[in-house]
Each structure stands twice: as C-alpha cells, then as structure tokens.
Amino acid sequence: MYVVESKGGAIACMLLALIFLGTWPAILTLLERRGRLPQHTYLDYSITNFLAAILIALTFGQIGNSTPEMPNFLTQLSQDNWPCVLFAMTGGVVLSLGNLSTQYAWAFVGLSVTEVITSSITVVIGTTFNYFLDDKINRADILFPGVGCFLIAVCLGAAVHSSNAADNKVKLDSLSSDHIDAVKVSNTSMIPNEAASKDLENGNDPAQKAKAGTAGFLVQLENRRSIKVFGKSTFIGLGITFFAGVCFSLFSPAFNLATNDQWNTLKTGVPHLVVYTAFFYFSLSCFVLAIILNITFLYHPVLGSPKTSFQAYLRDWNGRGWALLAGLLCGFGNGLQFMGGQAAGYAAADAVQALPLVSTFWGVLLFGEYRKSSRRTYILLFSMLFMFITAIAVLMASSGHRK
C-alpha cells in the first residue's frame with residue numbers, strides 16, 4: 001500500500017484536505033439556499049462520500065506488496081482486528097452526526113460562523129486528545145500557540161457574526177413588517193421547482209433578483225430556501241452547532257485509536273489497522289447512519305423542513321450533481337487528512353480545521369455574505385482571515401514524524 005512518509009508529503013495532504021473540506025459545505029449550503037430539501041441533498045452526498053473511501057482503499061490501499069506488519073487493504077479485511085474496527089466505526093458515527101447537524105446549522109447560523117464554532121471546538125478538544133494519543137510527537141511549544149491563534153480567530157469570527165447580524169437588522173428595519181410578511185412564503189412545498197434558474201443565487205425569476213447585501217436580498221433568500229429561519233430563535237442554531245462541534249472533536253481521536261491502538265486492544269501478533277482499512281470502516285458506519293437518519297427524515301422531517309418521500313427523492317434531479325460532488329470532496333478530504341495525520345501526527349493534521357478560511361471565501365464569493373456591511377464588520381472579517389492563516393501555518397509547523 002502507499003504510505004506517506006515525508007513531512008512535506010503530509011503537509012501536501014493536509015493542504016489539499018483543507019481545500020476539499022472547506023469547499024463541500026459551501027456546495028450543500030448553495031443547494032439549501034436554492035430550495036433543495038436537505039434530506040435529498042444529504043442522501044446524494046452520502047453515496048459519493050462512501051464511494052470515495054472505497055476508491056481510496058482499492059487504489060492507495062492496494063499499491064505495492066502486502067507485509068505481515070503492514071498488510072494491504074483486502075488482506076486486512078479478514079484479520080481479527082475488531083476492537084480497532086469499532087474505534088474506526090465510532091469515529092464514523094460521530095462524524096455523520098456532526099455533518100448532518102451542520103447542514104441545518106448553516107441555515108440558522110450561517111456558513112462562516114457555523115464552521116468557525118465547530119472548528120474551534122474540534123481544535124480545543126480533538127487536537128488536545130490527539131497530542132497525548134500520539135505520544136507528544138508534535139512540538140508542544142508550537143502546537144498549543146497555534147491552538148491559541150485559532151481561538152483568537154474564533155473570537156473574531158463570533159464578533160464578525162454579531163456585527164453582521166446587527167447590520168442585517170438595520171437593513172430589515174428599513175422595510176416595513178407588512179412588506180416582509182407579504183414576501184414570505186409558507187414552508188409547504190415538498191419538492192423544489194425543477195425548472196428553477198441555474199443562477200447560483202437566483203430563484204425562479206432572475207429578473208427580479210435583489211442585489212446581494214440588501215434587505216430585499218435577505219427576504220428573497222428566505223422566500224426560496226428550503227429551511228425557513230425568519231422568526232426562529234438563534235439558540236436553536238447555536239445548540240445544533242455546538243453539538244456538531246463536539247461530534248467533530250471526537251472523530252479524529254477515534255480514528256487515531258483505530259490506526260495506532262494506543263490502548264493495546266489488539267491480540268499479540270495482529271497488525272494495526274492501516275489507514276485505508278480504518279477509513280473504509282469509518283466511512284461505512286458514517287454512510288449507514290446517514291442513510292437511516294435521512295430516510296427517516298424524509299417522512300418525519302425536523303426543524304420545519306417539508307415532508308417528502310423516497311420516490312420524490314429519486315425523482316429530484318435538481319442539484320443532484322452538486323450534491324454528489326460535495327460527497328466526493330468530503331470523502332477525499334477526510335482520506336487525505338488521515339493519510340497526512342498518520343505520517344505527521346493527527347494533532348498537526350487537525351490544521352485542516354482552519355477550513356472556515358476556505359468556507360468564508362466561498363461564502364463571500366458565492367452567497368454575497370457581508371456584502372454592503374459596515375466598516376466594522378469588514379475590519380473584523382479581515383482580522384479573522386489573517387488569524388486563520390496564522391493558525392494554519394503554526395499548526396503545520398508543529399508536525400512531527402511518527403516512529
């Protein structure tokens with residue numbers, strides 16, 4: 001099998017993972033804002049996310065000769081390594097719960113802020129766990145200042161959200177409440193209009209599109225999106241976001257235990273799970289849970305989403321290609337993160353949790369986030385991005401090399 005052995009190779013894996021893992025949330029957010037039901041989107045996403053794990057296992061996991069100490073993927077499937085398999089599958093379960101939760105949190109809290117909060121929790125909890133599980137192979141004098149930089153960026157991100165929310169309130173106050181109520185639509189449609197515009201941020205009438213950043217734009221967005229958020233408590237979104245952050249903070253340490261067996265759960269002579277085998281079982285449990293939950297949500301939706309059916313899902317091709325692409329990006333992103341972590345330490349690989357840097361870029365470019373905001377918001381936004389860049393550099397500089 002292919003093994004990343006150099007520090008440079010590990011950093012390259014982490015950088016690619018950062019781009020992939022920062023991009024797929026923007027794609028799912030795009031689909032929700034265009035009116036595609038989250039249940040439909042996540043089912044499509046889950047299929048290609050699992051397919052990516054299979055492709056990685058059957059290619060990188062089968063390159064070269066199999067050895068007793070480091071067997072290839074197919075060889076290891078028949079070995080007695082179930083304690084570590086269960087760790088890997090546990091990681092997949094918590095990741096699936098986290099990803100599913102954030103799909104709803106993006107609508108309530110926003111893409112950038114959701115990613116900032118979940119990533120901060122992941123860094124504080126997950127990176128600390130991984131540092132000790134990896135027998136402190138990362139340089140603590142660099143690693144933990146990097147965590148501190150990330151937390152500063154988190155505080156700046158929260159300030160950006162607060163400032164931008166105040167800006168939006170001023171914009172909406174400029175419209176009468178009667179006008180806002182008149183343009184809202186009831187959340188009763190089961191399937192988005194298949195003839196909808198292909199414009200990234202348009203509804204069915206491109207000619208009537210409001211300019212990004214205006215009050216009319218905010219109201220039009222509420223009108224066409226699949227998860228309605230006007231009039232709902234922000235604590236709902238924040239609660240979902242913090243739950244997702246805790247889930248994300250646990251999946252990487254679980255995967256670390258699966259591949260390195262720090263707790264000595266394997267029988268004598270049984271080799272550790274290679275990263276590709278662990279990633280396969282990890283993605284399998286993630287896929288199974290996602291399918292079960294989302295088929296349930298088709299008939300018993302949550303948070304006011306429209307009720308639908310499996311037959312309606314099969315007929316809904318509007319945006320399916322984007323959802324399938326998001327699954328591939330997430331699957332390959334996770335695989336690259338674990339490949340880099342196996343070589344340089346999972347604590348350093350958690351540098352990909354600076355993905356809000358990428359998500360914020362897409363949020364500004366695609367969705368017009370922070371358009372026509374105040375000067376204070378722009379200053380905070382650029383300060384946050386600068387601190388994220390610093391955090392990425394410091395965490396990657398802390399990477400060691402597993403013996």
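For all residues, glycine too, the Cβ spot is worked out from N, Cα and C.
Residues annotated as transmembrane segment in TrEMBL: 6-30 (among others).
The transmembrane segment feature in TrEMBL is assigned to 42-60 (among others). Below 8 angstroms of C-beta separation, residues 1-2, 24, 28, 73, 99-100, 103, 276-277, 279-280, 282-284, 286-287, 290-291, 294-295, 313, 320, 323-328, 330-332, 334-335, 339 of the same chain, each at least six residues beyond the ends of the transmembrane segment (42-60), sit close to that stretch.
Outside the transmembrane segment (80-98), and at least 6 residues removed from its termini, the chain residues within Cβ reach (under 8 Å) are 118, 243-245, 247-248, 250-255, 257-259, 261, 265-267, 270-273, 277-279, 281-287, 289-290, 293, 334. Under the heading transmembrane segment, TrEMBL lists 80-98 (among others).
The annotation transmembrane segment is assigned in TrEMBL to 105-130 (among others).
What TrEMBL records for 142-161 (among others) is transmembrane segment.
Residues or ranges marked as transmembrane segment in TrEMBL: 234-258 (among others).
The feature transmembrane segment is assigned by TrEMBL to 278-300 (among others). Tertiary neighbourhood of the transmembrane segment (278-300): same-chain residues 38-39, 42-43, 46-47, 49-50, 52-54, 56-57, 61, 73, 84-85, 88-93, 95-97, 99-100, 251, 255, 258-259, 307-310, 312-313, 331, 334-335, 338, selected by CB-CB distance under 8 Å and a gap of 6+ residues from either end.
Feature annotation from TrEMBL assigns transmembrane segment to 321-340 (among others).
TrEMBL lists 346-367 (among others) with the feature transmembrane segment.
What TrEMBL records for 379-398 (among others) is transmembrane segment.
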Stretch in 105-130, 142-161, 234-258, 321-340 most in contact with the transmembrane segment (6-30), if contact is a CB pair under 8 A: 321-340
Contact call for the transmembrane segment (234-258) against the transmembrane segment (105-130), three or more Cβ pairs under 8 Å: yes
Other parts of the chain folded back onto the transmembrane segment (379-398), taken as Cβ under 8 Å at six or more residues beyond its ends: 11, 14, 18, 116, 127, 138-140, 142-143, 145-147, 149-150, 152-153, 156-157, 159-160, 163, 347-348, 350-351, 354, 356-357, 360, 370, 373
